[in-house]
């Protein structure tokens, strides 16, 4: 076991060594990396500078979540695998792999789930003018996602979601959709940050403009789109943490 500390923020986490690496330091699991990357700088640069210390496995928590950790839930809406580790891929999230909590049903997780000829209106989130702040936008998903790193919040344009295929409410928060304008074929990827009531999507106005390449959507006040749930690419695997110093007990 190792206690790993982000030298930039002081945040720390205890991890279990389960594999080898070749970067001269650590290659953290996608569940551990974001726990100590609280300012988002590690994600932005692709690595963290850390200190680590070997600790006694007998007094450290060997697992992160689930029955192995007294029923603890994963941070950041990650799934808890059958082995008690946090992640976002099917290995962690699929009920077929005995996921313990925050599991994703077929069509709600990575990939899968689509709908055609769906109404898409626009909303004045203007996220880039408000620092991509979910609280400032009064977005429904701010309850769970407002403290996500800036790099996560600003990676894609925003949308509210109430489409015919896919989970609604909290289970949809943070998921990504590939959205295509059926009239022009213009396509973009968006992240779900809010709820809506139009039976489809309520896109940030800047996303709407990206898709409305012929201006017809603006003229009639909506677009007709197809959408498909896609992998947001938020997985931190593989990522590496460069060892700055170490103390061995």
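Positions of Cβ are set from backbone N, Cα and C atoms, glycine also.
The domain 'Barwin' annotation in TrEMBL covers 1-59, 113-234. Residues or ranges marked as domain 'Chitin-binding type-1' in TrEMBL: 62-105. The disulfide bond feature in TrEMBL is assigned to 65-80, 74-86, 79-93, 99-103.
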Rounded to a whole number, how many Å is the Cα of residue 65 (disulfide bond) away from the Cα of residue 93 (disulfide bond)? 13
What does DSSP call residue 93 (disulfide bond) in the simple three-state scheme? helix
Indicate whether residue 65 (disulfide bond) is helix, strand or coil by DSSP. coil
Entries of 93, 99, 103 which, being disulfide-bonded residues, have CA atoms within 10 angstroms of residue 74 (disulfide bond): none
What's the CA to CA span in angstrom from residue 79 (disulfide bond) over to residue 86 (disulfide bond)? 5
Disulfide-bonded residues: 65, 86, 93 - member with fewest neighbouring CB atoms within 10 Å: 93
Excluding near sequence neighbours, so keeping only residues 6 or more apart in the same chain, what lies with its CB under 8 A of residue 99 (disulfide bond)? 79, 80, 81, 82, 92, 93
If you count other CB atoms within 10 A of each CB, which of 74, 80, 103 wins among these disulfide-bonded residues? 80
Which state, by DSSP, holds residue 79 (disulfide bond): helix, strand or coil? strand
Check the DSSP secondary structure of residue 86 (disulfide bond), expressed as helix, strand or coil. strand
